[in-house]
Amino acid sequence: MDRHISGATEGKVKQKIRPWVFLPAFILLLLTIILNFTNYEAFLTITEKAKNFMVIDMGWIFSISGVLSVIIIIFVYFSPLGEVRLGGPDAVPLLKKSTWFAVTLCTTIAAGILFWGTAEPIWHLAYPPESLGIEPMSAQAAIFAMETMYLHWTFIPYAIYAVPTIVFAFAYYNMKRSFSVGSQISPLVTVGLQNKFNGIIDAIVLFTVATGISASFGTAVMNMGGGMNALFGVNNDKYLWIVITIIGTIAFIISSGTGLMKGIRILSDVNVYLYYVIIAALLILGPTVYFFSIGTEAFGGFLDNIFSKALFTGTAAGDTWASGWTMFYWSNWMAWAPVSAVFLARIAYGYKIKEVVMMNFVVPSIFSVVWMTILSGTTLNFQMTGRVDVLAVMNEQGSAAAAYAVLGELPLSGIIITIYLIAVLISFITATDSTTNAMASICTTGIREGSQEAPLFIKVAWGVIVGTVSLVFIATLGIDGIKMMSYLGGFPALFLGLFSLVALLRIMRKPEKFDTYAKE
C-alpha cells in the first residue's frame, strides 16, 4: 500500500537535477545574502521598497484572494468534484486519516501557532488598529485580539493551502499532467503550452517558497532560543540561533534521509500527541472558564464580521496595522502554498476531493480554533489580571519569550516547557522536511507517481540554503526580518494562486471533462 509514496517502483527511473529550475532560485537567494553583507543599507532600501509595494499597492488583492479561497473551497465540498477520487476509483489511500491529519497539521502552520499563539494576542491587546478607536489593554481590545487570532490562523490560511492542493492533486493524479507546480494551472492551458512554462513557473515558485519557509524557519529558531533561555538561562541571541540552526538542519537531514513514511509520518504522529498534552495541561491548570468564555464571544464576533475583518486595509484612515499583520500573514501563506500543495497533494492520493477539503481545510481549522482559544485565551488572562506581564517580557526579551513566560507560570512548568520545546523542534523539522522535499522534487527529473522521492543531496542543498537565508534575516532584522521574507515571497506566488482559483472553478464546473478516469 505504501509503494507509491515510499519511492519504490517497478523500474528504476534516472533522476537528475533540473538546472534551469534550481539555479535561478539559488542565485537569487545567494545574491540576497551577499547584498545583505556587502551593502546593508542598499539591502534594506530594496527590501523596504518591495515590502511597501506589496502591502500598500497590492495588499487588497491578497485580502480578496483569501476570502475567495474560503468561498470556493466550501463550494467544492458540495459540488460533483467533491466525489472524485484522486488516482481513480480503485486508488488506495496512502495514509490512514489520523496520520494524514497529523502530517497535514505539522507540515503547514504548526510552527506558527506555537510561536504566535502567545505573542500575537498581546501585541493586538496593546496596539490595536488606531482607526478602530479601540482602547489599548481594555476588555474590547482583548476581544479584538482573540477575533484576530481566529482570522489569521484558522479558515483563511487553510483555504489558501487547500485550493492549489486540490488543483495539483487532480491535475497530477487524474489529468496525468507533469510533476510541476505549473500543473496548478493545467485546466486553463493545453499540455504543450503548460510544458513550455513549467520550468519558468517552477523556478519562480522555488524562490518564493524558499523565502516563505525561511520565515517559518526563523520563527522556529527564535522560539527554540526562547525555550533554551527559559530552561537554562542561555542568552537568546545570534550565537544561540546559529547553534540551533545547525542542529535543526542536521536533524532535518536525518529525517529527510529516511523518506516520508518513516521520517515525517512518525514525527508528525508524535507531535500531535505533544499538542494534545499541552492542551490538556492548560485545560487542567489554566483559566479554563475565562478562555472558553472569551473564546466563545470572540469566535461569534469573528464569524459575524469575517468579511469586513479579512478585507480590512486601514487605507482610508492611513492606518498601517493591517499591512503589518494581516497582509503579512496572507503573503506568508501564499508564498508557501504552491510548493506545500505539491506535498499535500502527494499524501492525499486515494481519497475523495471532499475528504481533501475536510482534512486540509475543516479539521485543521477547527484544531487551530481550539488551540488559539486555549493558548491565546490563557495569555490574555495572565496579562489582564496581572499574573504575568507578558508585554513587558516581550519588550525586554523579544516575542520568543512570551510562550515561556506564560507556561512558566503554570504548575509543573518545567515539564510543560520541555514538552513545548520538543513540539517546536519537531514542527521545525517536519515543516522544513516536507517543504524542501517538495522543492527538491520540483527541480528533479524522473519524478513520477511510483517514484516521488528526490535525491537526498538536493534536499540537503535546499535545507542548507533555507537555513542560511533564515539566519541572515533574523540575525540582522529580527521579527521584521521574518515579515520581510514573507512579503518578498508572497508577491510572485499571489498570481499563481489567482490562476489556481480560476483553474479550480473550471474543474468544478465539469470535472468529467478533465478526469481521465471518467473517460475510460
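Placed from the backbone N, Cα and C atoms, the Cβ positions cover glycine too.
Model, not experiment: these values are computed from the prediction.
Database features, via TrEMBL:
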type     : residues : note
TRANSMEM : 20-38    : transmembrane segment
TRANSMEM : 58-78    : transmembrane segment
TRANSMEM : 99-119   : transmembrane segment
TRANSMEM : 155-175  : transmembrane segment
TRANSMEM : 196-219  : transmembrane segment
TRANSMEM : 239-261  : transmembrane segment
TRANSMEM : 273-293  : transmembrane segment
TRANSMEM : 328-349  : transmembrane segment
TRANSMEM : 361-382  : transmembrane segment
TRANSMEM : 402-429  : transmembrane segment
TRANSMEM : 456-479  : transmembrane segment
TRANSMEM : 485-505  : transmembrane segment
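Counting Cβ pairs closer than 8 Å and at least 6 residues apart in sequence, the transmembrane segment (456-479) and the transmembrane segment (328-349) reach fewer than three and form no contact. Within the chain carrying the transmembrane segment (99-119), a Cβ under 8 angstroms from the stretch's Cβ atoms is held by residues 93, 149, 152-153, 157-158, 161, 216, 219-220, 222-223, 264-265, 267-269, 271-272, 275, 333, 336, 340, 343-344, 347-348, 351, 359-360, 363-364, 367-368, 371-372, 375-376, 379, 390, 394, 399-400, 402-403, 405-406, 420, 423-424, 426-428, 430-431, 433-435, all 6 or more beyond its ends. Scored by C-beta pairs under 8 angstroms, the transmembrane segment (239-261) has its highest count with 402-429, from the stretches 58-78, 155-175, 402-429. The largest share of C-beta pairs under 8 angstroms with the transmembrane segment (273-293) comes from 402-429, of the ranges 58-78, 328-349, 402-429. Here the transmembrane segment (328-349) does not lie next to the transmembrane segment (20-38) in space: the count of CB pairs under 8 Å, restricted to residues six or more apart, is fewer than 3.
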